[in-house]
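Participant: The structure under discussion is supplied below as structure tokens; questions concerning it will follow.
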Amino acid sequence: MALKQVSSNRCFEGFQKVFEHDSAELKCKMKFGIYLPPKAETGKCPVLYWLSGLTCTEQNFITKAGFHQAAAEHGLIVVAPDTSPRGCNIEGEDESWDFGTGAGFYVDATEDPWKTNYRMYSYIKDELPKLINANFPTDPERMSIFGHSMGGHGALILALKNPGKYKSVSAFAPICNPIQCQWGKKALGGYLGSDVSKWEAYDATQLVKSYPDSHLDILIDQGKDDQFLSAGQLLPDNFIAACTERKIPVVFRLQQAGYDHSYFFIATFINDHIKHHAKYLNA
């Protein structure tokens, strides 16, 4: 599959690049950011996938998170894909900020008119890693995933639905229980239809209840003044309770007053997350 380089910038002795490709899964052109640390010039490196939140593109994380220095030091390739298909000419795809364009929710849609293009779950799980492993100096056996908000939801469900695929998982302010919040009900109802039992396959709180073992250390950071926490969109308590019941290790850090849902919050704690993943990826 042909990759077209969109940009390349030297950064902490590595390179932050953006590529475009034709996605077979999503049937449109897609972009992703990839940071290649200095170590990638001489050997294979583990890969850490970042999933962004509502309204984001591949640009938000690579320009705002400040992860490059830590990724360079730990020798991690970091991949940041877009959050949805784009330009599919689906009626209504650009009407809402929390559904359609920029809001793929990391599910495989089953409902018309979304099911042809909106297959972000399979894109992240299968197509994108194959593309990355075929074109960059990766170690396919060492892969981890993290994300923010809708992308935190995506990271958690991908790790929980695919035991052993990812060495580690973490999230910033994830949507933990989408079947119980307005964002989730809108997105899952639109993409998957009205049968709530189908939604549960993409709900981290539901998935953790049947996770087969405890070999998954989860790190979650949540800002105390996150407006979406107080609005009942994130529901981390439900996820923590489910993890506790199943004895799944989860470190949940409620960060002090003033920390919100923004990339300022992410940038503050991003090094902790890079270290969390490096511990498992470089073991």
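Cβ atoms here come from the backbone N, Cα and C positions, even for glycine.
TrEMBL does not curate its annotations; it predicts them automatically.
Among the features that TrEMBL reports, active site, charge relay system is placed at SER149, ASP226, HIS261.
Are these features on the surface or tucked inside, and what touches them?
Facilitator: Around SER149 (active site, charge relay system), taking its Cβ as the centre, 25 other Cβ atoms fall within 10 Å, counting all chains.
Sequence-distant neighbours of ASP226 (active site, charge relay system): residues of the same chain at least 6 apart with a C-beta under 8 Å from its C-beta are ALA173, LEU234, TYR259, ASP260, HIS261, PHE265.
Summarising the environment of HIS261 (active site, charge relay system), the number of other Cβ atoms within 10 Å of its Cβ, over all protein chains shown, is 21.
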